[in-house]
Amino acid sequence: MAAPTSMANADGESTRTGYCAATKSFRSLRPPVPLPPPDVPLSFPEFAFSLLPRSSSSSSSSLLPANPALVDAATGEAVSFQAFLSRVRALAGALRSRVGLRGGDVAFVLAPAGLDVPVLYFALLSIGAVVSPANPALTPAEVSRLVSLSGASVAFAVSSTATKLPAGLTTVVLLDSPHFRSLLMDCGQAQGQEPLPVVVVRQSETAAIQYSSGTTGRVKAAALPHRSFIAMVAGFHALRAKAREVRTLLGAPMFHSMGFLFVLQGVALGATTVVVTDAVARAGIRGLVEAAERWAVMDMTASPPVVLGMTKQRCRLPALERITCGGAPLPAPAIERFRRRFPHVDLCMGYGSTEAGGISRMISQEECNHIGSAGRVTENVEVKIVDHVTGKPLPAGQQGELWVRGPAVMTGYVGDNEANATTFNSEGWLKTGDLCYIDQDGFLFVVDRLKELIKYKAYQVPPAELELVLHSLPQIVDAAVMPYPHEEAGQIPVALVVKQPGSKLTEAEVMYNVAKQVAPYKKIRKVLFVDSIPKSPSGKILRRELVNHLRLCELSRL
């Protein structure tokens, strides 16, 4: 039977793929979501609070949602929406009048997840300050590098992380101090003091500086405007469940771009965000699962390692309806295991980046059935697939570098004109550096990072493709594929493999089973058995650490 033909709409776009022959780009198949005019002054908090659904328990339209805005997953302490707004307003005023923050000031945040962190984010954003969150587990040297990159003048930390901050910061505020508690309860202007002028924040102004992962190169600081978060949250708002309370377990770190977004989104949608504090996180995946059960959450954000680990936990999670997963690829065998273990849960894969925001995601049960894809292109987003050698745009079904254009894209890297020049083209397209393709049904597939392609003779071998094959082998727990220098071939693919406990799997068996499933030039040429694969909190393989590991290994036979 012939494949169904792709129809075109009035604009000449394929109704199946979104490909437009005139522009040689793919547009989202989803209905466009209206956004505020870009020249209208509007901070993200203003936009978020305007979206809040009103309580159905009263005829008064002024009442906020009756459910809590935030719940501590460990203690059960809750913050109502009324209390949340009151704290945000009090803190915003105190940050201006008592701390001296002004619009454009960069605030470095080095604090573990807690109920005060979302309040701090919203307060900073509402006065036009720039939020720059970082991983509290970083070393002092790493923290110093990020503070320097962002140009932060003030830092918010806790007692245990403040010692990592470099000297030279104008102000350091500890979230676990009486001083900060007094800022949260600030009652306004002191008697006789001149009132502060009203803050006007434009959508084009920087809201956050977030750091690229640095898994494959030096860390860079991406500046994201208020409009970026307005656009992303508007898309989620258009799909929100009407007239019901939604409880979401925030399984992504608050400093991570995904966790940061979902903190903002949860408030804007009137959902209850169950915050995973250190007390829960220390218990690992078991702690997350127990929190999901205890609070009967319907939604959950999770990285691939968490999704993998959930299949090994003894739990049912009857209330759970959806998991949003992103940050790194999830092998098809792992997805199949999850679906068998939790058939009532939609595992919604998504794809995005710190620099581009959300690029694609799954939004329905039908879309979740397209295993291996990252969903369809997000509303209001336009992408191109470009041959990375010739620069020629490609149609559906062909692999090339993914370029993105849309309202959620970053303004640029802070203080790095060289990186900006290579990342953006003259028409505003952001080059992701990811090798992708869009299939005949409009689903986006991420093949690999272009920088990570292994140059074997005249061929390019995607490590992620080989990693998926390795993950499909029953005796392998985890795996990574790396290039290794070779005199004749240039580079050869080397697999680092974590075996199942007690497995007697051999190097020859691994190489044989992979060779049966790939083209000859993609074959694994060497296998090293290791105890673990180093990964970031989001599940990305830390390839730089593996490079060091390979250097230490004896590879004289290659």
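Placement of Cβ uses the backbone N, Cα and C atoms for every residue, glycine included.
From the candidate list GLY327, GLY415, GLY428, the residue Swiss-Prot records in the (E)-4-coumaroyl-AMP site shared with GLY350, THR354, LYS451, LYS455 is GLY327. For the region 'SBD1' (284-349), the number of residues in each DSSP class (helix H, G, I; strand E, B; coil) is 28 helix, 12 strand, 26 coil. For SER212 (ATP binding site), the nearest of the binding-site residues ARG282, GLY327, LYS451, LYS455 in terms of C-alpha separation is GLY327. In the structure as shown, the Cβ atom of SER212 (ATP binding site) sits within 10 Å of 19 other Cβ atoms. Here LYS455 ((E)-4-coumaroyl-AMP binding site) comes close to VAL461, PRO483, GLY490, GLN491: these same-chain residues lie at least six apart in sequence, with C-beta atoms under 8 angstroms from its C-beta.
Between the CA atoms of LYS451 ((E)-4-coumaroyl-AMP binding site) and LYS457 (CoA binding site) there is a gap of 16 Å.
Reduced to three states, the DSSP call for LYS451 ((E)-4-coumaroyl-AMP binding site) is helix. Across the structure, GLY350 (ATP binding site) and LYS457 (CoA binding site) place their CA atoms 34 angstrom apart.
In this structure, GLY350 is the one among the binding-site residues GLY327, GLY350 with the smallest number of other Cβ atoms inside 10 Å of its Cβ.
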